[in-house]
Every structure is written in C-alpha cells, then in structure tokens.
Amino acid sequence: MATPGPVTPEASLEPSKAPVIEGFSPTVYSKPESFKEKFIRKVRENPLVPIGCLATATALGYGLYCFNQGHSRRSQLMMRTRIAAQGFTIAAILVGLVVTSMKSRP
C-alpha cells in the first residue's frame, strides 16, 4: 500500500474547508443546486428511470390492492409485472450510466 506524501502546513485538515486534491474538481456545476433543481436535471438526463420507478410503484400498489380484495390471480400477475418493471428500471440506470460516461469522454 502506498504511503501518503508529506503534509504541508497549507494542507492542514480544517473541518470548514474541503481538502484540495490536485486534478480533482468536486463538482462541474458552479453553484450549489437545490433538491428540486437536481431532481429536474437528473430526470432530464435519464427520463426512463422515473418512469420505471413509477411503473414499479404502480404495479406494487395495484398488486397489494388486488391481494387485499382476494383476487389472487391478478395479484400474482401484478407481482410479476412489478419484477419486470424493476428490471426495466435497473436496465435504464445502466444505460444512463453508459451514456453519461460516453458523454464525459473527450
């Protein structure tokens, strides 16, 4: 394991300041984002993920409702639909990661 270099007085650990790491920029955005701004940006970058999450939640909710009403066949169908929606969501996340990594390459 590599040993860290010498600590200089300028690079002392201050809790109020982020450590300076050469060649690393913690964010590519100039100003801090609010939750709403970040959510909207993420949805625009990969709109399939929220669609998959909504489909998963809908299938789960309707499946539980059918289970409560005693419609076991429809409840089983909705649980299988939920699994398919979860798979779609995971695939959307992976595709989004690949697309984002391809964009960031020079």
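Yeah, the Cβs are placed from backbone N, Cα and C, and that goes for glycine too.
Under the heading domain 'HIG1', TrEMBL lists 20-106. According to TrEMBL, the feature transmembrane segment maps to 48-67, 83-102.
Mean model confidence for the domain 'HIG1' (20-106) is a pLDDT of 88. If you look at the transmembrane segment (48-67), the same-chain residues 6 or more away from its ends with a CB under 8 A from one of its CBs are 42, 74-75, 77-79, 81-82, 85-86, 88-89, 92-93, 95-96.
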